[in-house]
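*Asks:* Below is one structure. I have some questions about it.
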Amino acid sequence: MSKFNRMHLIVLDSVGIGAAPDANNFVNAGVPDGASDTLGHISKTVGLNVPNMAKLGLGNIPREQPLKTVPAESNPTGYATKLEEVSLGKDTMTGHWEIMGLNITEPFDTFWNGFPEEILTQIEEFSGRKVIREANKPYSGTAVIDDFGPRQMETGELIIYTSADPVLQIAAHEDIIPVEELYRICEFARSITLERPALLGRIIARPYVGEPGNFTRTSNRRDLAISPFAPTVLDKLNEAGIDTYSVGKISDIFNGEGINHDMGHNKSNNHGVDNLIKAMTSEDFKHGFSFTNLVDFDALYGHRRNPQGYRDCLHEFDERLPEIIAAMKEDDLLMITADHGNDPTYAGTDHTREYIPFLAYSPSFKCSGLIPVGHFADISATIADNFGVEKAMIGESFLDKLV
């Protein structure tokens, strides 16, 4: 019998808690990540008021300098620690795959200066359409169509852009480039980005509609991912007949592998919390695991180096936390963590190599406090231990510490 009948894992995308020991091996605009500290710098520069996460023990997590505006609790209601990444990467897929038990020794490729001419030329030859070279760089998905949508409507050229993650995105106005044609072009792009020098995690079709100054992305988005290179704990749970719920982009990150209930994409963090609560309160979800990603911290504020917006986004989540806890059953376990850092006060616009926080709470807890500093994959090992399935490649369970 499982110690916890249901386990719920929430990834606060990019909410790091201080530079990892190997952070200087990773850079942002030529600056090593060694001084990065997402939560620490937000707390120090613009203040951070997250009383509900503080109650769980966020301010108790060991650091050289305590979080300036997040107090330590003398009697927290949960367990807390920080976790270190062993994989060679600081992107979304690497972080999530390691959380589910994989060690990524070959990082995906990212393209801060845009995709090489060879890739663009192959796509042009296949599609019969030119590529707008000026868009070929890391770009906000809404800004890129605002900037180049009018030109695409006139010329029929492709808008190809990337981000901090290993992705190639193609935006196309549905009246100019039909959705099915866009999908075919993306499938070709997927076929030429499966190995170095362009090993990409996802190809994303980004259809949109509207007129210049009023473009809107549609629900016809399609993600062409690659599956994890080895079974994750999600696969182990699924094979054992245990329910696995995905909220947000989790299913995309794992290419649907190991997911048997997908709650769909989130329109916002708040929408993601709504979807999580919908899953938690479903009569069908009696036993199993839910896995949620809330991406607004990263996508809207981390990459854009907006500490005030990032802080407000954290406040917004913290205000919803009591609702999540209220949806828990007595023998549920809630876990809150991250997948990498993205310090909004740091150089550049890329992710930062950081420890991630880990908070755990159950109404059944008799004790609370700190658990030893571990690694990302310890989360999946703990989940596997709880449900009596085999763990994946790496990770050590701390299930016995949660009492």
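Placement of Cβ uses the backbone N, Cα and C atoms for every residue, glycine included.
As annotated in Swiss-Prot:
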- Asp13, Asp339, His340: Mn(2+) 1 binding site (BINDING)
- Asp298, His303, His351: Mn(2+) 2 binding site (BINDING)
*Asks:* Report, in whole Å, the straight Cα-to-Cα distance of Asp298 (Mn(2+) 2 binding site) from His340 (Mn(2+) 1 binding site).
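*Replies:* Cα of His340 (Mn(2+) 1 binding site) to Cα of Asp298 (Mn(2+) 2 binding site) measures 10 Å after rounding.
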*Asks:* Among all protein chains shown, how many Cβ atoms are found within 10 Å of the Cβ of His340 (Mn(2+) 1 binding site), not counting that one?
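*Replies:* The answer is 33.
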*Asks:* What are the sequence-distant neighbours of His303 (Mn(2+) 2 binding site), meaning same chain, six or more residues apart, C-beta distance under 8 angstroms?
*Replies:* Pro138, Ser163, Ala164, Asn342, Thr349, Asp350
*Asks:* What kind of secondary structure is His351 (Mn(2+) 2 binding site) part of, going by DSSP in three states?
*Replies:* coil
*Asks:* Excluding Asp13, Asp339, His340 themselves, which residues in that chain have a Cβ inside 8 Å of the centre of the Cβ atoms defining the Mn(2+) 1 site?
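*Replies:* Result: Val11, Leu12, Ser14, Val15, Gly16, Thr92, Gly95, His96, Asp298, Ala338, Gly341, Asn342, His351, Ile356.
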*Asks:* Cβ within 8 Å of the Mn(2+) 2 site centroid (Asp298, His303, His351 excluded): which residues?
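*Replies:* Going along the sequence, the neighbours come out as Asp13, Ser14, Ala164, Ala299, Gly302, His340, Asn342, Thr349, Asp350.
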*Asks:* Within 10 Å of each Cβ, count the other Cβ atoms, then let me know which of the binding-site residues Asp13, Asp298, Asp339, His351 comes out lowest.
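*Replies:* Among the binding-site residues Asp13, Asp298, Asp339, His351, the lowest count of other Cβ atoms within 10 Å belongs to Asp13.
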